[in-house]
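> What follows is a single structure, and I will ask about it in a moment.
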Ligand SMILES: [Mg+2]
Ligand SMILES: [Mg+2]
């Protein structure tokens, strides 16, 4: 089976961490039935330097024809003063919009070996494995009308519009239900239906979709403020959470912080079935440590494992890579960012090598 | 000094827990310069039974002429099927609206004696004392236009409007800055100014207000999603948080859950300076244990301590009551809801008596 993958290393530590995935791809091409053909291009600040824009149309065309895209990281102080419309982050917004990536997948996973990094008690977060599915292209961050209006009497008025349609809710709901079918089979849908009509519509449409096609999945509704509480109180009650852009922004970050290891977390943005998904680590480009060979490649490697599962139909291989990551952590290997006493500090390259060694084992 | 206080015990355990505050008032009237004259009325379900409405206009008139109002709790299964417009909770919404109580004060306090109740590690929450000031009458829960529209092609569209004006932001900002002056002198203002114009206006107006009148307070701005993370990671970095209705709804519940003891938390809703404030415990009416004499009166006693500080100008007395609560907890007294091995289980009345005994000590 041949698949096409576009690599966008980006800025800062991006190239170093993507290099470790390139090694993994080499191993996969040599040892499995899957063959991954890669292309690669500049993106973000690197693309500004090279082409004058953070994402050129040629890159976007390659992205469209790929099965998936893996990104490193974008941005850095070098491009802080470029025009707002061509700043590195604008490249990310553009690719999401152009590929219509409406479902953001944000796992919150606690690795046994890193359990002490959490600010929560070990017995509360042990084995934690939550997936938050956040609607990414609608809601109050995009709704019209919006703006700040001068009322003339020394008063101003700031307005944003929270808006969702049936089809926007259903398409992200489908993503959540179908992922839950491959996990623990439970979806918690979060909104504020008690005080917001957009939340009432969200609840009704998710309920209808569930009844039509996904009655094998357990569906639970929870107000978003209660979800913020429950994530803190007993996070293990959750499997998949599906929620809108605003609540998802907040709940996915809270859930990520439960793990205590932001530098370990992968993410994905998916569009319609069959269209290419975009995968990237949650952490940033860390310009302060770029080029030193000490960056942690595991969040990118885990993003690649998600990519194998969700975009390349290779669930088993994705699971295998996740198990390899668990195993190198259990052996006590740590990059500088997650180093604790009694473990062995390794470089970016050594960590990548260790994951491959664990795959072979 | 004579002050007028309206007591609204309400439903469920409300009358039992308010009775313990009545004892405290008796003690204050006898032993301090402050004299508190109380009136009392039915409210919520009890008022529906008595008057046919959850809040009658006569009660509201007495409330307007009082210095403060202390509520027990409202609601219960008995009134689940009454009309939406006269349900017990409608009385609460009405009194808030009629008294224009725009600032909701939600403390998150960890008592040393109850530190193990938190799902966070003791070293993370030890000594925690955060106050969240939430805007309560504006924003997306009240903005127009709102509703669900049928688009005719099988599609529906749900809309809510997030809207804030200069004066709405400034008045709640003032409350936060003035409280911070009496606490640790730090305000963290939370919004999503990066993606919402209403948040941009919020940040600009808070910054302007700070520069005009409160430069002795340290002001920090934080995106609401980052605040949700930071509450989990290192909550002790916060003193006062000021935020809008929606973000405040979520962050105040998350912060409350950090303490692990929801049954211990007081709250206040304040209006313009000089107008009466409304105080109530965060917990509900707990109809399942009503009338058994086992309810925990401490959240109501702590709400009364807030009332003394913020509405009756008696900061010292409020502090004294808070210290008395700390002391009975340190002695190991516990009502059933917070009982743990090695402590002494007491009734509602015994707990109230113990607080008064600690006041005398
Ligand atoms: Mg976020
Ligand atoms: Mg809430």
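The backbone N, Cα and C atoms fix where each Cβ goes, and this holds for glycine too.
Copying in the features that TrEMBL gives for the protein in this structure:
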- B:4-355: domain 'Isopropylmalate dehydrogenase-like' (DOMAIN)
- B:76-89, B:284-296: NAD(+) binding site (BINDING)
- B:96, B:106, B:134, B:225: substrate binding site (BINDING)
- B:141: site 'Important for catalysis' (SITE)
- B:192: site 'Important for catalysis' (SITE)
- B:225, B:249, B:253: Mg(2+) binding site (BINDING)
> Just going by other Cβ atoms within 10 Å, which of the recorded positions B:84, B:141 has the emptiest spot?
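Candidates: the recorded positions B:84, B:141. Fewest Cβ atoms within 10 Å: B:84.
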> Using C-alpha atoms only, work out the spacing between residue B:96 (substrate binding site) and residue B:286 (NAD(+) binding site) and round it to an integer in Å.
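Just about 22 Å between their Cα atoms.
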> Could you check which of the binding-site residues B:76, B:253, B:286, B:294 is the closest Cα neighbour of residue B:106 (substrate binding site)?
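So, spelling it out, the nearest of the binding-site residues is B:253.
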> Out of B:134, B:192, B:225, which of these recorded positions is nearest residue B:290 (NAD(+) binding site) by C-alpha distance?
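So, of the listed recorded positions, the one sitting closest to residue B:290 (NAD(+) binding site) is B:134.
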> By CA-CA distance, flag whichever of B:141, B:192, B:225, B:249 among the recorded positions is nearest to residue B:286 (NAD(+) binding site).
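Comparing Cα positions, the candidate nearest residue B:286 (NAD(+) binding site) turns out to be B:249.
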> Suppose we draw a 10 Å sphere around the Cβ of residue B:106 (substrate binding site). How many other Cβ atoms does it contain, all chains included?
23
> Return only the integer: C-alpha distance in Å from residue B:225 (substrate binding site) to residue B:192 (site 'Important for catalysis').
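Taking the Cα atoms only, residue B:225 (substrate binding site) lies 8 Å from residue B:192 (site 'Important for catalysis').
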> Looking at the binding-site residues B:76, B:88, which sits with the largest number of other Cβ atoms within 10 Å of its Cβ?
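Highest number of other Cβ atoms within 10 Å: B:88.
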> Counting other CB atoms within 10 A of each CB, which of the binding-site residues B:80, B:225, B:249, B:253 comes out lowest?
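Each of the binding-site residues B:80, B:225, B:249, B:253 was scored; lowest Cβ tally within 10 Å is B:80.
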